[in-house]
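According to Swiss-Prot, the protein carries these features:
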type: BINDING; residues: 12, 13, 14, 15, 16, 17, 124, 179, 368; note: FAD binding site
type: BINDING; residues: 271-285; note: NAD(+) binding site
């Protein structure tokens, strides 16, 4: 009997891996999902939360493209809130505390119930290729598994080490297995690897915390949820708590700074800029008297608290001193000590914007192995890699999201155009067109891509189209309805002339609900009307950039033949091989003069071809 050949093998069962597997199975491809531990699918070894600034919008985008993170987050959330409500709509985003145990359990159940996903608990030793094309993987228990495509989503498990003080040992997150052989296999295939570092804070037993010494964050009931297509509301909000480091905490850290794995030189990997360890914060910001520490429940039982803000690589004895110096933690009992973890990642400049390898056909990469941090960034990449693997199997063009379309598009463009030397975290400030990339419009702006990729059901498509039609018709209706000067509203709002309802609600002091009533998409209607001028300006800017994106660069372009290119520009262009003039213009070290020379060369080439 012939051995089974999979349509796709997904290596790694983290947030990227499960998204890739689910979207491929949704498109009726047979998938092998290989995980070191099936009981830790999409585990949360760091913060037990989904969302946050920019990141919450990525989760909404995943939902809009047919992915699963939003749906699963809604099933396992224990607290949810909208962030930045006092600011403009461009920066608002949802964040939810997640029951991390339930999250993994419901994903495992969903995988097991999906007929065309084979969940295999194993370790991949080697990537097999034939004629620079993926052909299979060699595993520890199952030997050779053949495949047409593969997606590597190995997270922080490649040649990973846990570090505390002078202690250093080979391990994956939370004491899981590490994979050394896969790193070696990638090196043999010619991939350049990066060495990165991240970390996680201690966990404390809740019954050992003195909650009378900390501030309780009490949130009102909420009807928020992540998923656009599957509504589930939270019945009860579980509370988080706020406290601060003390002067004593800072002194303990400074007195023992050389014992930190990071400051002793033991850690060689580069850590995340936007999620520093507590010792890094205290060394860098010596004038700051205290730093925020949040107690966040890891499950609905709330018996263990994640100590957000106390990430460290100090030895255990110093951690004990640090913990007990913080208000509320004088008698704390530690469930798990903090640690740093160092691991291999690939240089993402080796990838196309589809997340396919430039050198090995049908081999894709997604998640933290691409140099990112965060569950949301990983899931977004996993979804896109899965979609593009499916399109490759269908002999169709890859789906490449633009910077003006989505945060996922910004993320992938940054990775594949600029690369990264540290764990990349998505920030609102990274998006030039953030007013277009809002929390409330992910479904509408990504609908055309979901239709192309065939990742939504007919019902989901109809839901989004109905929403768009309803908003469009309401705006037209408001534009054509006028308030006469004798109307009570005219007197209430001091209107001297007949005014359209659209003009009236464009004024920020007006209660829009008074005018339109219980309109189901009030926030999006308000934003579209009140920020119409700003939105049009960003659309115009995006359109100008799109013109450059439409100027394609030949894949076989010989940059050595382009005259007057700066040496650095020539090197970068040869290495990155941008697909368009727009992408080339965003490469670090490429200046406008280089772009002009490139365009001049292409124009000359076109003329010569025509003659």
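Keep in mind that glycine also has a Cβ here, set from the backbone N, Cα and C atoms.
Positions of Swiss-Prot features highlighted on the structure.
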residue: 12; record: FAD binding site; DSSP (3 states): coil
residue: 124; record: FAD binding site; DSSP (3 states): strand
residue: 273; record: NAD(+) binding site; DSSP (3 states): coil
residue: 279; record: NAD(+) binding site; DSSP (3 states): helix
residue: 285; record: NAD(+) binding site; DSSP (3 states): coil
residue: 368; record: FAD binding site; DSSP (3 states): helix
CB neighbours within 10 A of residue 12 (FAD binding site), counting all protein chains shown, number 31
Which residue, of the binding-site residues 14, 271, has its CB surrounded by the fewest other CB atoms within 10 A?
271
Residue among binding-site residues 16, 124, 275 with least C-beta crowding, 10 angstrom cut-off
275
Could you check which of the binding-site residues (12, 14, 16, 368) sits closest to residue 279 (NAD(+) binding site), going Cα to Cα?
368
Taking only the CA atoms, the spacing between residue 283 (NAD(+) binding site) and residue 368 (FAD binding site), expressed in whole angstrom, is 27
Tell me which residues of the chain lie with their Cβ under 8 angstroms from that of residue 273 (NAD(+) binding site), as long as they are six or more apart in sequence?
422, 425
When you look at 12, 13, 14, 15, 16, 17, 124, 179, 368, which the record names as binding FAD, what is the longest CA to CA distance in angstrom?
18
Counting across all protein chains present, how many other Cβ atoms fall within 10 Å of the Cβ of residue 283 (NAD(+) binding site)?
17
Candidates 275, 281, 285 (binding-site residues) - the one closest to residue 12 (FAD binding site) by CA:
275
